[in-house]
Amino acid sequence: MEDFVRQCFNPMIVELAEKAMKEYGEDPKIETNKFAAICTHLEVCFMYSDFHFIDERGESIIVESGDPNALLKHRFEIIEGRDRTMAWTVVNSICNTTGVEKPKFLPDLYDYKENRFIEIGVTRREVHIYYLEKANKIKSEKTHIHIFSFTGEEMATKADYTLDEESRARIKTRLFTIRQEMASRGLWDSFVSPREAKRQLKKDLKLQEPCADSQTKVSHRTSPALKTLEPMWMDSNRTAALRASFLKCPKK
């Protein structure tokens, strides 16, 4: 699973996921399913935000490539992926500036057009079940919830899906591709089932034991699907700034 994650996701996403896990004392090399889940969630958050802007008239527009000097503001503020201290600093700043109610839990995004925080969910289960779990945890009508599944289903607060259909289709296609690639490598069942994941971990540990009689060959071949759908989703004009902002280590 670890090899798959490093091949499948943008290096910045992988770096952010590793940083987040280490912040909570978790090891990406051991908890590989969580590593994959965090990377997937991060990527969906970035895809949700990418190419969506607000123009000088306050209208929401989609710009994939255009005049870099245009007076455009990113529609979404990305909160997910930052260390907790910086994330709360961003949330507090937004609340002080806009007057919106401060959430009890860290949200994933802030939508400057609709003036609301957004909680993004990516589930391997039924979307309505995961939606209810999120809603019961957050207990706030102010935070908008949007859930995606690996099967192409989605569910959002008051059926308000925020994004246009094409943008949401990009996210669904990416999730479906991840699922298909995991399945083709025999990783999907363990990703869905914790019990199967434990069995797979024991199996992997046994395979990693030194053996005098044989050598293990590791294939780094990338499948045609991954070559075609490698994560080129990230807004290139934003990548450098995000990397500097998100990966900056706080001074201790």
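Heads up, residue numbers simply count up from 1 along the chain you see.
Note that Cβ sites are derived from N, Cα and C of the backbone, with glycine treated the same way.
If you check Swiss-Prot, you get these features:
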type: ACT_SITE; residues: E80; note: active site
type: ACT_SITE; residues: D108; note: active site
type: SITE; residues: R195; note: site 'Important for efficient shutoff activity and nuclear localization'
type: SITE; residues: K198; note: site 'Important for efficient shutoff activity and nuclear localization'
type: SITE; residues: R199; note: site 'Important for efficient shutoff activity and nuclear localization'
type: SITE; residues: K202; note: site 'Important for efficient shutoff activity'
type: SITE; residues: K203; note: site 'Important for efficient shutoff activity'
type: SITE; residues: K206; note: site 'Important for efficient shutoff activity'
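Long-range Cβ proximity for E80 (active site), meaning a same-chain Cβ under 8 A and a gap of 6 or more residues, is found for H41, L42, C45, A87, L106, D108, L109, I120. In this view, D108 (active site) is surrounded by 24 other Cβ atoms within 10 Å of its Cβ, with every protein chain counted.
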